[in-house]
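Data block below; observations after.
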Amino acid sequence: GATGAPGIAGAPGFPGARGPSGPQGPSGAPGPKGVQGPPGPQGPRGLTGPIGPPGPAGAPGDKGEAGPSGPPGPTGARGSAGPPGATGFPGAAGRGETGPAGPAGPPGPAGAR
């Protein structure tokens with residue numbers, strides 16, 4: 001005789017086994033910047049620097065006091081003789097003693113005849 005109608009479909013099968021994990025996705029965008037932390041402690045003191053160059057010369061000092069007087073100098077050479085003095089006044093008149101008698105005079109002239 002003729003072929004019969006198809007039978008009723010069977011029930012669905014069981015789910016298959018879980019597939020393998022997919023590849024890792026790309027990294028996400030960077031997050032926002034965090035808040036700035038507090039300042040750190042002060043570092044240790046640095047080494048002492050080298051000695052600086054000498055300063056400029058000072059201003060000149062005040063003038064000193066005058067020294068004591070020196071010893072007396074040697075005696076100078078003798079000067080030349082001065083001019084002659086003025087003529088003196090006339091002396092007083094002399095008071096001579098009376099001189100001795102003079103010699104006898106010559107003979108007189110002859111007498112008259």
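Cβ coordinates are placed from backbone N, Cα and C, and glycine is handled just like the others.
Since this is a predicted model, take the numbers as computed values, not measurements.
Straight from Swiss-Prot, the features:
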COMPBIAS  1-36  compositional bias 'Low complexity'
REGION    1-113  region 'Disordered'
MOD_RES   Pro6  4-hydroxyproline
MOD_RES   Pro12  4-hydroxyproline
MOD_RES   Pro15  4-hydroxyproline
MOD_RES   Pro30  4-hydroxyproline
MOD_RES   Lys33  5-hydroxylysine
MOD_RES   Pro39  4-hydroxyproline
MOD_RES   Pro54  4-hydroxyproline
MOD_RES   Pro60  4-hydroxyproline
MOD_RES   Pro72  4-hydroxyproline
COMPBIAS  75-90  compositional bias 'Low complexity'
MOD_RES   Pro84  4-hydroxyproline
MOD_RES   Pro90  4-hydroxyproline
COMPBIAS  103-113  compositional bias 'Pro residues'
MOD_RES   Pro107  4-hydroxyproline
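Cβ neighbours within 10 Å of Pro30 (4-hydroxyproline), excluding its own Cβ and spanning all shown chains: 6. Checking each of the modified residues (Pro6, Pro12, Pro15, Lys33, Pro84, Pro90) against Pro107 (4-hydroxyproline), the C-alpha distance stays within 10 Å for none of them.
When the C-alpha distances from Pro90 (4-hydroxyproline) to the modified residues Pro6, Pro12, Pro30, Lys33, Pro60 are tabulated, the minimum falls on Pro60. Considering only the modified residues Pro6, Pro15, Pro54, Pro72, Pro30 (4-hydroxyproline) has Pro15 as its nearest partner by CA-CA distance. Nearest Cα neighbour of Pro15 (4-hydroxyproline) among the listed modified residues (Pro6, Lys33, Pro54, Pro60): Pro6. Using a 10 Å radius centred on the Cβ of Pro54 (4-hydroxyproline) and all shown protein chains, the other Cβ atoms total 6. When Cα-Cα distances from Pro60 (4-hydroxyproline) are compared across the modified residues Pro6, Pro12, Lys33, Pro54, Pro84, the shortest belongs to Pro54.
Listed in sequence order, the same-chain residues six or more apart from the residue listed as '5-hydroxylysine' with CB atoms under 8 A from its CB number zero; the list is none.
Each residue contributes its Cα atom, and for Pro54 (4-hydroxyproline) and Pro72 (4-hydroxyproline) those atoms are 48 Å apart. Cβ environment of Pro12 (4-hydroxyproline): no same-chain residue six or more positions apart lies under 8 Å away.
On a Cα basis, Pro72 (4-hydroxyproline) lies 168 Å away from Pro6 (4-hydroxyproline).
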